[in-house]
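One structure is given below, encoded as structure tokens.
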Amino acid sequence: MNYEQLLFIALLLTALVFFVSGYIRYDLVAALTLLLAIIFGLVPIKESFIGFSHSAVITVGTLFIISRAVENTGILDEIAYYLRLRRKNIPKQILVLSSAVASLSAFINNVAAVALMIPVTLKIARIKNIPRRALLMPLSFSSLLGGLITLIGTSPNIIVSDFRKNRLGSSFHFLDFAPVGIGVAIVGVAFIAWAGWRLISLKTDKDNKPFLETFTFEFRIKSNSSLVNKKMAHLLNEYQDRAELLVVLRGGEVLRKNLKYLTVKTDDLLILETDKWTSGELTSQYGLVRGPQHQKMESMDYFLTEIILLPQSFLETKPIKDLNLIETYGIEIIAISRRNATFTKSLGDITPQTGDVLLVKSNSKLIQERLYALNCIAAGENRIRPFSKQATIKVFAIFFLAVAAVISGFVRTDIAFFTASIAMILTGCLSLDGAYRSINLPILVLIATLIPVGQAMETTGTAKLIAQGFYYYGHALPISMNLFILIVICMLFANFINTAAVALIFSPIALMIASDWSASPDPFLMAVAVGSSCTFITPVGHQANTLVLGPGNYQFSDYWRIGLPLTLILSVTATLLIRLFWSF
């Protein structure tokens, strides 16, 4: 091991630690990794930013735009509306929903497919009295399985295909992933529908109320409140089974201890965890003011809606008090719910995150359209977008022409979908502003900055070094077992760092492993594509998993209960299918 390799491995391990910890967002971790690689001379200056013009970045970016154009037609909402079975049968209902979302995810963004299906899934759970926890996690997992089927189904497929083109002269074709992807998806969906959902703890779904039962609220004590100058025990004893007082904010002081014996004063802020019905009782019974205090809606004619934040939502950019939602959108956030989080500060100082569930009130008749502009979804029964037959025909005509051009080999993948995205904007399927909002910039920055780092892994000989170690310990095993181990390693990494990063890191390693075995690189590259996309053990490995964490009221342990056996089953399945369809 020479100095460059030692330095690169140290840099890579440091990056992995920060990826896993989440202390710094993944795109910034990737950018810092590239910067340090440039400073240490691991990446030549002239090659520092080649990733930003890379075809994988262009393809992924244009597919975000195309996915949003497909959403705008309303056709997916129309399809989702008819997925309810007449009779209560949990396995069959999961099978129907999972098959639908897997099919959608083969062609559009995974997160978009899950987001479109969440409202109808919650409606089915209420009407059929099915625990929502039994439906939402299968929905998320099935979207990941569907992405395995086509070249554009998921970013690891695109990255691996482009890596093959740059190293071997040709990329994978559009449907090269289908034989393995379809088989893995069928096995995965079947397991989830008939056995996997039974491994999820359903204890907390007692009555399938419209949505989450517990939110964090902020209440201000008014001067005329009946609680003023009384002990807090007066409130806590009456609501001890329905509300939990977290902290009291008094001036600049945070009071946490012996709250039961605290004397209530005017303008105290109570941070409480309770449900929305109890919060209404507290407001009327004790004369409390509910919600952040920086600005209030004056109208008494409003309704409450629970909404879920999608990735890239405007609401993630600032603390609640700085969003100006009332003036701009006619919406006021009055409570927040975030799994495995306890808030001990004013609601206005909290910055929402992807997957958060917010309780909002609005007097706007255009609430659905305004939530769509904010990149949020409501858990209600109303459809977010009306169905447009004309827009649907235009979008799908353009989309299938692009797919046909890719399959035929007439044009490159990035050119085809870049042309399709421009055509959709020019034909009015999507506004220019809507196109820009649809692009997930952190993902593109991650891919673009790690591409030169991945190349440096090869030029420094680090990929070869790792592959030789892999061969040294695995040469006594059959080559199929080495393939299985590579898939499992990729799957484990993908549960803690971004899936695109896993594909970028392991593609050069897979190529070198194949070289050491004097085997075709295709089976090993296919293993990286499958392994990088299968993130079932944690909610942080993929945004689709994060998105259902709050609505499903899941704990982290719920993911590995179903995720571990699913990962093992799919690892074996993928190994057998790759061995069957891709010769060594």
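The backbone N, Cα and C atoms fix where each Cβ goes, and this holds for glycine too.
TrEMBL entries are annotated by machine, without manual review.
Annotation comment: TrEMBL describes 292-377 as domain 'RCK C-terminal'. Across the residues of the domain 'RCK C-terminal' (292-377), the predicted structure has a mean pLDDT of 79.
Residues or ranges marked as transmembrane segment by TrEMBL: 6-23 (among others). Here the transmembrane segment (6-23) has long-range neighbours at 29-30, 32-33, 36-37, 40, 42, 456-457, 460, 462, 493, 496-498, 501, 505, 540, meaning same-chain residues at least 6 beyond its ends whose C-beta is under 8 angstroms from one of its own.
If you look up TrEMBL, you'll see 28-45 (among others) marked as transmembrane segment. Residues 4, 7-8, 11-12, 14-15, 18-19, 445-446, 449-450, 452-453, 455-456, 460, 501 of the same chain lie 6+ residues outside the transmembrane segment (28-45) yet bring a C-beta within less than 8 angstroms of a C-beta in it.
Taken from TrEMBL, the feature transmembrane segment applies to 94-122 (among others).
When Cβ-Cβ distances below 8 Å are used as the criterion, the transmembrane segment (134-154) is approached by residues 59, 63, 90, 93-94, 97-99, 101-107, 110-111, 113-114, 117-118, 121, 124-125, 161, 172-178, 180-182, 184-185, 188-189, 192-193, 196-197, 200, 202, 205, 406, 413, 417, 499, 529-530, 533-536, 542, 544-545, 547-548, 551-552, 554, 558-559, 562-563, 566 of the same chain, each at least six residues removed from its ends. Sequence annotations record features per position, and here TrEMBL assigns transmembrane segment to 134-154 (among others).
Marked as transmembrane segment by TrEMBL: 174-197 (among others).
Here TrEMBL flags 391-409 (among others) as transmembrane segment.
Sequence annotations record features per position, and here TrEMBL assigns transmembrane segment to 415-432 (among others).
Taken from TrEMBL, the feature transmembrane segment covers 439-457 (among others).
Annotation source TrEMBL lists transmembrane segment at 483-511 (among others).
The transmembrane segment feature in TrEMBL is assigned to 562-582 (among others).
The listed stretches are 94-122, 391-409, 415-432, 483-511; of these, 483-511 has the most Cβ pairs under 8 Å to the transmembrane segment (439-457). When Cβ-Cβ distances below 8 Å are used as the criterion, the transmembrane segment (391-409) is approached by residues 66, 69-70, 72-75, 107, 151, 173-175, 416-417, 419-420, 423-424, 427-429 of the same chain, each at least six residues removed from its ends.
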